[in-house]
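Notes follow the structure.
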Amino acid sequence: MGQRLSGGRSCLDVPCRFLPQPPTPPPLVRRKLALLFAMLCVWLYMFLYSCARSCAAAPGLLLLGSGSRAAQAAPALVTAPNVTSPRLPFRAPPATALAADKDKTPGAESQEDQSPEVPDSPSPISSFFSGFGSKQLPQAIIIGVKKGGTRALLEFLRVHPDVRAVGAEPHFFDRSYHKGLAWYRDLMPRTLEGQITMEKTPSYFVTREAPARISAMSKDTKLIVVVRDPVTRAISDYTQTLSKRPDIPTFESLTFRNRSAGLIDTSWSAIQIGLYAKHLEPWLRHFPLGQMLFVSGERLVSDPAGELGRVQDFLGLKRIITDKHFYFNQTKGFPCLKKAEGSSKPHCLGKTKGRAHPAIAREVLRRLREFYRPFNLKFYQMTGRDFGWD
């Protein structure tokens with residue numbers, strides 16, 4: 001360092017050109033590298049965006065842990081006015097413990113009656129993608145009916161990439177209205193632009209305050225009602241209760257107020273829910289008929305793709321769910337989804353669906369069909385569709 005070079009210059013004074021320098025890439029190479037990096041960023045963005053939408057449609061990822069979210073929801077920021085609940089028609093004062101049980105609001109279920117196949121926590125992948133989009137109030141609601149096929153319809157719809165839905169039943173418009181719309185919105189999954197937010201709570205259809213409450217949220221809400229032969233529906237309702245309480249009286253003894261006179265006990269919720277024409281009247285005072293879609297529970301089993309086509313059209317969705325998505329499960333007796341998007345296994349509803357019904361005497365079935373016939377005919381007239389139950 002201290003040595004002198006010829007001419008009296010120090011080695012520190014040597015120009016940089018005499019020292020070794022790293023090679024400089026040609027300008028063309030630098031431009032190509034910058035272009036490649038920009039293309040990589042664009043591709044990564046598009047990949048994540050498409051995955052967020054496709055993963056949202058996979059039944060295995062769509063469940064989103066809604067049950068735990070509902071249980072751990074934040075306090076309401078906006079409260080709704082308290083509304084006094086009027087008595088439903090055909091209600092009789094209970095005289096015994098059994099009568100009190102029969103006098104429960106039609107369609108009201110305990111927490112254990114809610115679908116058990118909904119997971120309590122989201123998968124890591126769905127947790128990652130749930131950070132995209134924003135939470136919206138539902139634009140479409142499946143409002144009924146209990147034991148009509150609402151769970152099957154919701155699970156089938158979740159195959160569609162433009163449908164996002166809550167897994168557990170929120171019961172906002174019948175049980176939790178006092179918690180406010182902010183609480184309700186927080187239960188909803190995040191959606192991207194162009195996607196529809198949905199929920200299903202079958203007891204809304206038989207809750208007299210629900211039509212006005214949903215209309216107050218949005219008059220443009222689309223409503224879907226899954227209906228089924230009321231006699232078969234009542235037996236299915238009884239079968240579900242029987243699986244939880246094996247000591248309950250027989251179906252026949254609960255059906256009749258006076259067996260010898262053939263008087264049907266309309267205070268029993270299993271019977272009252274099937275009076276579809278009575279329950280539809282308050283809905284038509286708040287929503288036009290064209291804003292409601294009535295889905296056949298029977299056709300949802302015999303022709304799921306056909307009914308899903310009607311539902312997709314009603315929701316303004318492209319017909320993506322077709323015959324190729326279904327296969328018939330002989331053991332359960334209803335259609336299941338083939339390998340769902342994002343899953344390597346077929347997707348069927350849980351063991352609580354498709355229970356074997358108890359044998360019911362033909363005379364009981366005959367009297368029930370006679371009882372429901374005028375209500376069914378009026379329902380056909382109101383909806384403009386003959387469901388063929390008679």
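Numbers run from 1 along the shown chain.
Using N, Cα and C of the backbone, Cβ positions are placed for all residues, glycine too.
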**Report entry** Cysteine from Cys55, Cys336 that TrEMBL links to Cys348 by a disulfide bond
**Finding:** Cys336
Query raised in the report: Among the recorded positions Lys147, Gly149, Cys336, Ala356, which residue has the largest number of other Cβ atoms within 10 Å of its own Cβ?
Result: Gly149
Query raised in the report: So how many other Cβ atoms are close to Arg151 (3'-phosphoadenylyl sulfate binding site), meaning within 10 Å of its Cβ?
Result: 23
Query - Spatial separation of Ala356 (3'-phosphoadenylyl sulfate binding site) from Cys348 (disulfide bond) - C-alpha basis, Å - result: 17
Query - Euclidean distance between Cα atoms of Lys147 (active site, for sulfotransferase activity) and Cys336 (disulfide bond), Å - result: 17
Query raised in the report: Could you tell me the C-alpha distance between Lys147 (active site, for sulfotransferase activity) and Ser236 (3'-phosphoadenylyl sulfate binding site) in angstrom, no decimals?
Result: 7
